[in-house]
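Record features (Swiss-Prot):
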REGION    1-67  region 'Disordered'
COMPBIAS  25-39  compositional bias 'Basic and acidic residues'
MOD_RES   S33  phosphoserine
COMPBIAS  47-57  compositional bias 'Polar residues'
COMPBIAS  58-67  compositional bias 'Basic and acidic residues'
MOD_RES   S105  phosphoserine
ZN_FING   138-166  zinc finger
ZN_FING   199-237  zinc finger
Amino acid sequence: MFRKRLVNKSSSDEKNQKKRQKINFSEEKLVASDEEKGSSDLMSLAKSGNSRTLQLSHENEGKLQKKGEDLDKYTLTVNDDSTKEDLLNFERKELAEKAKKRRPSDDNELVLNMSGKNKRLTKQINQPTNIRTTVLMDFQPDVCKDYKQTGYCGYGDSCKFLHSRDDFKTGWKLNQEWNADKEDSKAVTLDLEKIPFKCTLCKEDYKSPVVTNCGHYFCGSCFAKDMKKGTKCFICHKETHGSAKVASDLQKMLNKRKS
């Protein structure tokens, strides 16, 4: 504990005491400038009921303008490439934020180009990271055209192009032909169950087979001989009027069996 000493105060001590005043930190008050004090005084006058107009004098306006000019003198402006890029990025961010506020958030990504126009792109499909596929499209196979069409090339072995007469087909075309062959084979097998395996007139294999309107098959020569006797079918005795169609399906099946 400290005790106060009672000392006769002189005039010089009183002056020093005035200079060294205690500051109470519990009462936090902001120190106002002269201009703010003047404005606060004017506001207090207005609250008290005085009808004087609150206007800043020309001197105060001049002081404020001078201060603004002084601040402009000491502002630092750098026009480098780095600052330009930062400004561009800042403008882009502002445009993106404005666009997000205007439009509701969707699953689609929002992309902004340099002009600030909005472009919507579909969401990128997530692909597996452990698999990468590379596709090579050979639009110029370098095959000798003369040799492929005719089997002869004037350059002979010195020709720089490939001498090949193979026919290449795309995958979709091969699948289409495969499906067509399957359908044809199914149709043929269904019909063969009803078709006799030999001609009913000559009891031999079919030669240039024909089919009547009633669906019966005969050899072309056998059917012509039978039509001399009568125009009715030999099996079902229906009227054929002496006409018959070429059985192309049966002929294809017979050719496949021979081959």
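Placed from the backbone N, Cα and C atoms, the Cβ positions cover glycine too.
Given the structure is predicted, the values throughout are model-derived calculations rather than measurements.
In the zinc finger (199-237), helix, strand and coil residues by DSSP number 10 helix, 7 strand, 22 coil. Per-residue confidence over the zinc finger (138-166) averages out at a pLDDT of 88.
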